[in-house]
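Trainee: Feature annotation from Swiss-Prot assigns Fe(2+) binding site to HIS83, HIS85, GLU89, HIS129. As annotated by Swiss-Prot, Ni(2+) binding site applies to HIS83, HIS85, GLU89, HIS129.
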Amino acid sequence: MRAWYFDELPGHQKLPHMGEPVPNQKVYDLGVKHWKIPLDGHEETINQIAKERDYPNRDIINISKEGLGELYDEKMVYFFQEHMHEDEEIRYILDGTGYYDIRETPTDKWIRFQIEAEDLVIIPVGIYHRFTLDEGDYIKSIRLFRADPKWVYMYRSKEMDVNPYRLEYLKQTKEKLGLPVAPAAVGWGAWLWSWITWSKL
């Protein structure tokens, strides 16, 4: 896996936008997990990881013009909007290539890393991220999930910034990085999130 800071220069999202290199350890410190699993016999390893993390269901997705058909352009915009999930995002790449962008704590800079065949990637709960194909315009992957796939995208907003899953992610990440954590941040955020949710009823 290769990682670098997204250069923020004009240009299509599928271009590398390659800025300063980022050590893989920095990506791991932000909660991303990565394994290289050979395609030959990958089923056994995937089954073991799915069992350990309690993800009993899976499907295969082909992200390409051919695979998505008329939904292709819409999905490219959809995947690239900054968002988080309340479940891990687990992908095992069977073929093709693409990019994940994740927000660095505490700078909020984008870090981009490329994924390719034989990569198993877990994007943690609560991290802001986005995905795009690269210029190859194709990726095929296995998706693991706990229940019927809903693929709920929780787009970044002031409301989402106080989501309990988001606050817990920040707390754990800052502790891992040795950064100060406000003692009451998670509790206050959970209360505010409850109030926001209640006010919408």
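First residue shown is number 1, and so on along the chain.
Backbone N, Cα and C define each Cβ position, glycine as well.
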Trainee: For the recorded Fe(2+) site, enumerate neighbouring residues of the same chain (Cβ within 8 Å of the Cβ centroid of HIS83, HIS85, GLU89, HIS129, site residues themselves excluded), in sequence order.
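Mentor: The answer, listed by sequence position, is MET84, ILE123, ILE127, TYR128, ARG130, TYR153, MET154.
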Trainee: Take the Cβ of HIS129 (Fe(2+) binding site) and count every other Cβ within 10 Å, whichever protein chain it belongs to.
Mentor: 20
Trainee: In sequence order, which residues at least six apart in the same chain have a CB under 8 Å from the CB of HIS83 (Fe(2+) binding site)?
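Mentor: The list for HIS83 (Fe(2+) binding site) reads TYR128, HIS129, ARG130, TYR153, MET154, TYR155, ARG156, given in order along the sequence.
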Trainee: Same chain only, sequence gap of 6 or more: which residues have a CB within under 8 Å of the CB of HIS85 (Fe(2+) binding site)?
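Mentor: Those within reach of HIS85 (Fe(2+) binding site), by Cβ under 8 Å and sequence separation of 6 or more, are ILE123, VAL125, VAL152, TYR153, MET154.
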Trainee: Counting only residues 6+ away in sequence within the same chain, which have a CB under 8 Å from the CB of GLU89 (Fe(2+) binding site)?
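Mentor: Set apart from GLU89 (Fe(2+) binding site) by at least 6 residues yet with Cβ under 8 Å, we have ILE122, ILE123, HIS129.
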